[in-house]
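To start, the structure itself, in structure tokens.
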Amino acid sequence: MITNSAAVKPNFHLPMRSFELKNRTSPEDIKALRLITAIKTPYLPDGRFDLEAYDDLVNMQIGQGAEGVIVGGTTGEGQLMSWEEHIILIAHTVNCFGGKIKVIGNTGSNSTREAIHATEQGFAVGMHAALHINPYYGKTSLDGMVAHFRSVLSMGPTIIYNVPARTGQDIPPHVIQTLAESVNLAGVKECVGNDRIKQYTDDGIVVWSGNDDQCHDARWGYGATGVVSVASNLVPGLMRELMFGGVNPTLNSKLLPLIDWLFHMPNPIGLNTALAQLGVIRPVFRLPFVPLPVDKRIEFANLVKEIGREHFVGNKVVEVLDDDDFFLVSRY
């Protein structure tokens, strides 16, 4: 039986409001990034951040050539964090790794007020850039969308994230073209597809693929700068090769079964399951996420053997975990 446990609420405190930027970076520095990993946030059995495991994950990314990390994004379960947790994790990442990798904090919100406040604090603790989603659920007009993004673009380098499958609203190209007038727009993380990516690159707008299964073709056939990747949590070296090594359909085909497996259920369910089976994080899930069923866990172990254990993060033998091995945390 999967265990459901409560957690102690962490005693985090937001930094004081500040307009002094600790780690000023130009948008051009962000535009140059080819491999950005949407980093996983691991947990202790009581639901608090497992910072030791987190540091190991980031170090493995640095060691395998990732150039940036998204902190507290969809993959990092920012939607399950308080803002206090959010900012403390960004600050921790900057303090420990900011000299070795670009730290991009997900400080977006469907509330413009919250997005402004979180972004101020993210830059105050030293993040190099902000990631911003368009307002979701309480959707606005296109004019409202432009006003929302302009409110945060003034603060520093910004990546705009378009994923209508999650937000319920596409950011159309003319909105991005309007926002491109801002010197702080580093680019767009685009999940609509490669035709949209080509449209932006033709307009001189930097764009990263947000889809691991399309990123090879996006990079080498449609002009994408690189990828914001989930799969690189597992195989950072191979994803770097995919982004830096030129056209490589053989490697792309080798990775597609793993990528398909990762997104069989909504992200980050597959990734959380995989990292636990690799032994690099504890098998702890913050609800409402739960592990993949046992047949998919077996499938992952087989994929690791087919691709080669040496290409995956960590050095433990991949395991097929039982239901009893997992902790589900509902209060933290």
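Cβ atoms here come from the backbone N, Cα and C positions, even for glycine.
Keep in mind that what you see is a predicted model, and the values were worked out from it rather than measured.
Counting only residues at least six positions away in the same chain, the Cβ atoms of GLY108, LEU131, HIS132, ILE133, ASN134, VAL188, LYS189, CYS191, GLY210 sit under 8 Å from the Cβ of TYR161 (active site, proton donor/acceptor). What Swiss-Prot records for TYR161 is active site, proton donor/acceptor, and it gives similarity to another entry as the kind of evidence.
The annotation active site, schiff-base intermediate with substrate is assigned in Swiss-Prot to LYS189 on the grounds of similarity to another entry. Residue environment of LYS189 (active site, schiff-base intermediate with substrate) contains 25 other Cβ atoms, counted within 10 Å of its Cβ in all protein chains. In the three-state DSSP scheme, LYS189 (active site, schiff-base intermediate with substrate) falls into the strand class.
In this structure, THR75 (pyruvate binding site) belongs to neither helix nor strand by DSSP; it is coil. Listed in sequence order, ALA38, ILE39, LYS40, VAL230, ASN233, ASN267, PRO268, LEU271 are the same-chain residues at least 6 apart in sequence whose CB falls under 8 Å from the CB of THR75 (pyruvate binding site). Feature annotation from Swiss-Prot assigns pyruvate binding site to THR75, VAL228.
Long-range C-beta contacts of THR74 (site 'Part of a proton relay during catalysis'), restricted to its own chain and to partners at least six residues apart, with a cutoff below 8 Å, comprise ALA38, ASN106, VAL163, ARG166, ASN267, PRO268. Annotation source Swiss-Prot lists site 'Part of a proton relay during catalysis' at THR74 (among others).
Under a cutoff of 8 A between CB atoms, and with a sequence separation of 6+ in the same chain, the neighbours of TYR137 (site 'Part of a proton relay during catalysis') are ASN110, THR167, GLY168. Per Swiss-Prot, site 'Part of a proton relay during catalysis' is recorded for TYR137 (among others), and the stated evidence type is similarity to another entry.
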Please classify the secondary structure at VAL228 (pyruvate binding site) using three-state DSSP.
strand
Just to confirm: which same-chain residues, 6+ apart in sequence, have a Cβ under 8 Å from the Cβ of VAL228 (pyruvate binding site)?
ILE36, THR37, ALA38, ILE70, ILE159, LYS189, TRP208, SER209, GLY210
